[in-house]
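First up is the structure itself, then whatever we jot down about it.
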Amino acid sequence: MTTVDAARTLSVGGHNNDAEKNPSVVAVDIAHAYELPKPYHIWGVKIWAYSHPRVQAIMLGTVLFMTVGMFNVITFIGGAGQQTAWLSDISNIALYTVFSVFCFTAPATLNFFGLRTTLCAGGIGYAAYAASLWCFNHTGNVPFVIFGGCWCGWSAALLWCAEGTAITSFASENKKGLYVSIFWSIFQFGVVIGAAIPVGQNWNAGTSNNSRVGDGTYVGLFVLMLTGTVLGLALYPWQKIIREDGSRVMLEVNKKTFREELVISVRVCKSHWWIIFFWPMCWAVNYYNIYQSNDFNGVYFTVRGRALNTFISGAVQILSAWILNIFTDKLPLRRRQRAFVAICYVFVAINVVWGAGYIMMKRTKYGLSEAERVDVYDSGYASACAVYVLYGFTDATYNCFAYWFIGALSNRPDELSVFASMYRLLNALCQICAFALDLNGYSKEFMFGTSWAFTAAGPIFVLPIIKYWLKDTNMGDAHAIEGTVVPEVQTVQGTENEKKD
């Protein structure tokens, strides 16, 4: 058996135990086993093929750009664009409750139905949520907004599982940080473009719009969300994607039942019990958004100030992702060493920014009328805006490190889907708590303090995984394959499963 033949049948890490027990999944982690699709040359310019993993990462980022990015615009302008945060709180509690429930089944759903179908189903709920807020502006129909939140929660569980799995499995090991940066940049560019809508819609409103965004904002976001939903169907089948190092993303030989997919997810959790050390970091992500949006941006600034803050923050998050990429991919160190340096950078950045945020928190007051809030032309706007923008900087740093870290733990989509869903499950649970606390009137001091504490603690708990369980590589040694007896497994080339999404 040749090296390439063995690579096409050998399961992860050069071991054949998984293939013997469950031959329906064979994930190839051998470099140079396949050839990358040849690029096109047009007028001397090299253009990657549609099936190239970077093209697919760009498309994936665009899907998130038009769905979650637009949702974040609604969230980050504070109170879902309404005068108070009450409607945002109750709808988001419903959203994240449903989100957390369906995170348990999202990995099995993804692996059973495929990436494209899951992305499409994952996008439609975001459009429904925007439509419900648009309706509320005219009818005051609160139950419909709650329904929109529930639908969005179901969709979000699917979308984030698909996104996290795809972006961490498309990349070869030495480029995982690069792919996360590509995805995050496009995703945040969606926030920048989406934030331009409320900036334009509300700029001339001054202080006379009762601190609510207009219909045009919701309609524009709704259209973009629907476009992103349809775009999810256009991705290349992920089991055919060849990574840049010549390894294949996934080889699936026999289609499994949904129950079998659930069993695989449970086995992944049991065999990687040490992932619990990652939970505090998962919990902290997005908990702080409620303080930043509802207790700072939403109460301190006028609506056009909030919209402009979101616009600038999105732009800075793009820069943040590429700065982190230096630590995760570019340093001339082994992966475990890069992980340690990167987590130290994350920890320092968090504490510096939240230290500055403490000063601004002391200045924040509740109950201000629109005329009393800080507007873009006021003298105190620049410093307050800078703090909010730096919050966005650390948000990107935190999230991008988390995704790079998940990708560093494995190359297998069946494992990555579980890690990605676990990450978002704890995100959802923490946001339920945060929205409930905000709804029940907990002080800004409490929300600020817990946000800082959770965010600062997360990197510390990750250290044991870096020391004891993170590997410098998850790739198999191609030289060790020669002469090794491996189970004969039908390759996916030419099989019916190539046609699966």
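Even glycines carry a Cβ here, placed using N, Cα and C.
Keep in mind that this is a model prediction, so the values were computed, not measured.
So that you can see what the record holds, here are the features copied from TrEMBL:
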TRANSMEM  57-81  transmembrane segment
TRANSMEM  93-112  transmembrane segment
TRANSMEM  119-136  transmembrane segment
TRANSMEM  142-166  transmembrane segment
TRANSMEM  178-197  transmembrane segment
TRANSMEM  217-238  transmembrane segment
TRANSMEM  273-290  transmembrane segment
TRANSMEM  310-327  transmembrane segment
TRANSMEM  339-361  transmembrane segment
TRANSMEM  381-406  transmembrane segment
TRANSMEM  418-437  transmembrane segment
TRANSMEM  449-470  transmembrane segment
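Counting Cβ pairs closer than 8 Å to the transmembrane segment (119-136), the top stretch among 93-112, 217-238, 339-361, 418-437, 449-470 is 217-238. Outside the transmembrane segment (217-238), and at least 6 residues removed from its termini, the chain residues within Cβ reach (under 8 Å) are 50-51, 55-56, 59-60, 62-67, 70-71, 73-74, 81, 114-117, 119-120, 122-124, 126-127, 130-131, 133-134, 137, 166, 169-170, 190, 193-194, 197-198, 201-202, 249-250, 413, 498, 500-501. Sequence-distant contacts of the transmembrane segment (93-112), counting only residues of its own chain at least 6 positions beyond either end whose CB sits under 8 Å from a CB of the stretch, comprise 118, 129, 146, 149-150, 152-154, 156-158, 160-162, 165, 256-258, 261-262, 264-265, 413-414, 417-418, 420-422, 424-425, 428-429, 431-432, 435-436, 439. If you look at the transmembrane segment (339-361) against the transmembrane segment (142-166), you find fewer than three C-beta pairs under 8 angstroms, all six or more positions apart, and that falls short of contact. The list of residues near the transmembrane segment (310-327) in space but at least 6 beyond its ends in sequence, with Cβ under 8 angstroms from a Cβ of it, reads 72-73, 76-77, 177-178, 180-181, 184-185, 188-192, 195-196, 198-199, 297, 338, 341-342, 345-346, 385, 388-397, 400-401, 404. Within the same chain, the transmembrane segment (142-166) packs against the transmembrane segment (418-437): three or more Cβ pairs sit under 8 Å, each pair at least 6 residues apart. Sequence-distant neighbours of the transmembrane segment (418-437) (same chain, 6+ residues past either end, Cβ-Cβ under 8 Å): 88-89, 92-93, 96-97, 99-100, 103-104, 106-107, 153, 156-157, 160-161, 163-165, 168, 265, 268-269, 272, 275, 278-279, 282-287, 289-291, 402, 406, 409-410, 446-447, 451, 454.
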